[in-house]
Amino acid sequence: METLGYLGQGFGVATTPLNLLTALCGTLIGTVVGLLPGLGPINGVALLIPIAFALGLPPETSLILLAAVYLGCEYGGRISSILLNIPGEASAVMTAMDGHPLARQGKGGIALSISAAGSFMGGLIATIGVTIFAPLLAKWAVAFGPAEYFVMMVFAITCLAGMAGNKPMKTAVASLIGLLLACVGIDSNSGVYRFTFGSLGLADGIQFVVLVLGLFSISEILVLLERTYYGQSALKTSGRMLFNVKEAMFVKWTVLRSGVVGFFMGILPGAGATMASAVAYMSEKRMASKDNRFGDGDLRGLAAPETANSAAACGSMVPMLTLGVPGSGTTAVMLGALTLYNITPGPLLFQTDPQLVWGLIASLFIANVMLVVMNIPLIRVFTKILAVPYWALVPGIAIVTAIGVYGVHATTFDLFLMIVIGVVGYILRKFDFPLSAVLLGFILGGIMEQNLRRALSISNGDLSILWSSPITWGGWALVVLMIVLPMYRGWRQRQVARPANP
Amino acid sequence: MIYQRLFLTALLIVYAVLAYAATTYEAPFSYEPVGPRAFPLLLLALLAVSTVYLLIRPGQMAEENAETPLTGHVLGRLVLCVLALSLFAFFFEKLGFVVAAFLFAIAMCRLYNGRWVTSVITGAVMSVAFYVLFDRLLDVPLPLGVLSGLGV
């Protein structure tokens, strides 16, 4: 009941004219960014941070903007997946598997509308989940001391690596690089300059905006240069634009299951929308009867990943708000944006800043409704945007990126640093190191070290404080599970594969 | 695979340099047992171990990378792109935002297969529009550089 009261207050915040307008702009921008091939939610959210600052928006409004953009991207990503077979972002990869075949069969309109409805349901299920679980987790998380927090961060990092499928080691390296980057600058405990090599520009550490825009924007510009997609045209959407009752009934259980799966995958730190859509797709495929047409234009194969990735996008707000541990690369960016406002996310946020937290949760509901209302009639307009050529798009992205970085400190040093980070990011990407892990590591690095040092100060250097409470035991157990489980799965797969190829 | 191994080896050298630097970090006075160098050294040790593992078992390359092989032509364009970005950063304050962005946008349009005419128009529109949008409307101060004498 208490929760409903707070949620009511949240709606009070979210429905102010400014916040409604912000949510509307955010969902629109997000959809456009999401549907442009190559740009994903991280880029969209990162590019908007400097703008949100420049506009002087209050923290809850800019958070609503960023969340609306995030949800919008998850919606928009599917359009280019379905019509072009080019996923606008990683979490839309699974959508293309069945969405594009449907479009080729002339069912583009049905595919787009059913995926929009699926995204809506996913978002709705997950937002209800956030409303129920976030306050519970926040209450529980108040019991966390520095040692518990440290274990939690270790869990977040191992989760990331354990979930990363066939490249856990690369994810581990990427997140460790992120952790190390967080060490650059003055050590706040001792005042020692670390890894600055005499450069004044690095004394303050690497600025969050510089790192994000370097890793995601600059490296993306380089990747786009490589691609030869330029000139490829989208399939025309023809025929019926809206799904019918029979089709809706056909996917209803898929949507409900995928929404729940997506939400829980979203909560797990580091797993995020990409993993959620893959897991939902795979499990639906396994559950379907033998005569399924998965991969060949099955509506369930389209609904499952779309529902799950929207659900995961909302779900990833739970660890961000309650523990200050981002659930995905995009929430890591949002977390960074909050710290720019001097707001420390964590369990106490629910007490110190209820209007911020509940305003955000309420705006998730509103953004979802806006998206579905906007998406179904505006599909034809959005598909036109796919025709923007790269030569018009990329210079714009590059210039806005440069303005965003220059705006932080007004020094060109940051611009050069961003380019260097971008080139390194591009190389890491070429060798398949996930950049969102670097970002997550960077966000966690500072708090992780602070908590470790605080814990060891309390115990006077005795390491046993790290496993002195039930929460830490639970945490370490989860860490071990996250390491052992993927190894076991890999071993099982090899066992199964062996008889097939002797 | 060979390029990945070269990259990993380069990373190992970087770790070694950073570790050497980290060993010198000492707090002049300290009231906590850990100090500023333990955490970075721990990370570097973990990084070294996992990088060596990758050197021995590099894993599979992404499909995405197989799709767009780095030919000499692409590499040349990438170098040009980085050069354009660096020149943009270099002249950002010296020439001012409008002029630097104008030239940069033309270069980028050309790199992404835009035609000369459209590139020049895009450059002109973008440089002025972004200046007005950010500097005038959004209050992000951007340097005017050589145009500052015009009294705009």
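Using the three backbone atoms N, Cα and C, a Cβ is placed for every residue, glycine included.
Annotation comment: TrEMBL describes A:20-440 as domain 'DUF112'.
As annotated by TrEMBL, transmembrane segment applies to A:20-39 (among others).
The annotation transmembrane segment is assigned in TrEMBL to A:46-71 (among others).
The transmembrane segment annotation in TrEMBL covers A:109-134 (among others). Here the transmembrane segment (A:109-134) has Cβ contacts under 8 Å with residues 3, 7, 71, 74-75, 78-79, 82-83, 95, 99, 102-103, 237-243, 247-248, 251, 255-256, 258-260, 262-263, 266-267, 299, 302-304, 306-315, 317-318, 321-322, 350, 357, 361, 364-365, 367-369, 371-372, 375-376, 379 of the same chain, all six or more residues outside its ends.
Packing against the transmembrane segment (A:140-161) from elsewhere in the chain are residues 168-169, 171-172, 175, 179, 268-271, 319, 322-323, 325, 346-348, 437, 440-441, 444, 447-448, 450-452, 454-455, 458, 465-466, 468-469, 471-472, 475-476, 478-479, 482-483: each is 6 or more residues past its ends and has a CB under 8 Å from a CB in it. Feature annotation from TrEMBL assigns transmembrane segment to A:140-161 (among others).
Taking Cβ pairs closer than 8 Å, the transmembrane segment (A:173-193) reaches residues 157, 160-161, 202-206, 211, 428, 433-435, 437-446, 448-450, 453 in its own chain, all 6 or more past its ends. Annotation comment: TrEMBL describes A:173-193 (among others) as transmembrane segment.
If you look up TrEMBL, you'll see A:205-225 (among others) marked as transmembrane segment.
Sequence-remote contacts of a segment are chain residues at least 6 beyond its ends whose Cβ falls under 8 Å from one of its Cβ atoms, and for the transmembrane segment (A:261-283) they are 41, 74, 90-95, 97, 122, 125-126, 129, 133, 155-157, 159-160, 163, 301, 304-319, 325-330, 436-437, 440. As annotated by TrEMBL, transmembrane segment applies to A:261-283 (among others).
Annotation comment: TrEMBL describes A:323-344 (among others) as transmembrane segment. Listed as Cβ neighbours of the transmembrane segment (A:323-344) (distance under 8 Å, sequence separation of 6 or more from its ends, same chain) are residues 41-42, 45-46, 49, 52-53, 59, 62-63, 66-67, 70, 73, 137, 141, 144, 149, 152-153, 156, 208-209, 212, 266-273, 312-313, 315-317, 353, 356, 435-436, 439-440, 442-444, 447.
If you look up TrEMBL, you'll see A:356-376 (among others) marked as transmembrane segment. Residues 6-7, 9-11, 13-15, 19-20, 23-24, 26-28, 31, 59-60, 63-64, 67-68, 71-72, 75, 112-113, 116-117, 119-120, 123-124, 127, 130-131, 134, 241-242, 310, 314, 317, 321, 343, 349-350, 382 of the same chain lie 6 or more positions beyond the ends of the transmembrane segment (A:356-376) yet place their CB under 8 Å from a CB of it.
The transmembrane segment annotation in TrEMBL covers A:388-406 (among others).
For A:435-452 (among others), the entry in TrEMBL reads transmembrane segment.
Here TrEMBL flags A:464-488 (among others) as transmembrane segment. Residues 143-145, 147-148, 150-152, 154-155, 158-159, 161-163, 168, 455-456, 458 of the same chain sit 6 or more residues outside the transmembrane segment (A:464-488) yet have a Cβ under 8 Å from a Cβ within it.
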Distal contacts, the transmembrane segment (A:20-39) - CB-CB under 8 A, six or more residues away: 14, 47-48, 57, 61, 64-77, 79-80, 84, 86-89, 92, 220, 223-224, 227, 229, 363, 366-367, 370-371, 374-375, 382, 385-386, 388, 393, 397
For the transmembrane segment (A:46-71), sequence-distant contacts whose Cβ falls under 8 Å of one of its Cβ atoms, 6 or more beyond its ends: 13-14, 18-19, 22-27, 29-30, 33, 123, 209, 212-213, 216-217, 310, 313-314, 317, 330-331, 333-334, 336-338, 340-341, 343, 353, 355-356, 359-360, 363-364, 367-368, 370-371, 397, 400-401, 403-405, 407-408
Predicted model, mean pLDDT over the domain 'DUF112' (A:20-440): 83
Same-chain residues at least 6 beyond the ends of the transmembrane segment (A:205-225) whose Cβ lies under 8 Å from its Cβ atoms: 38-40, 42-43, 46-47, 49-50, 181-182, 184-186, 333, 336, 339-340, 390, 394, 397-398, 401, 404-405, 408-409, 414, 417-423, 425-426, 429, 435, 438-439, 442-443
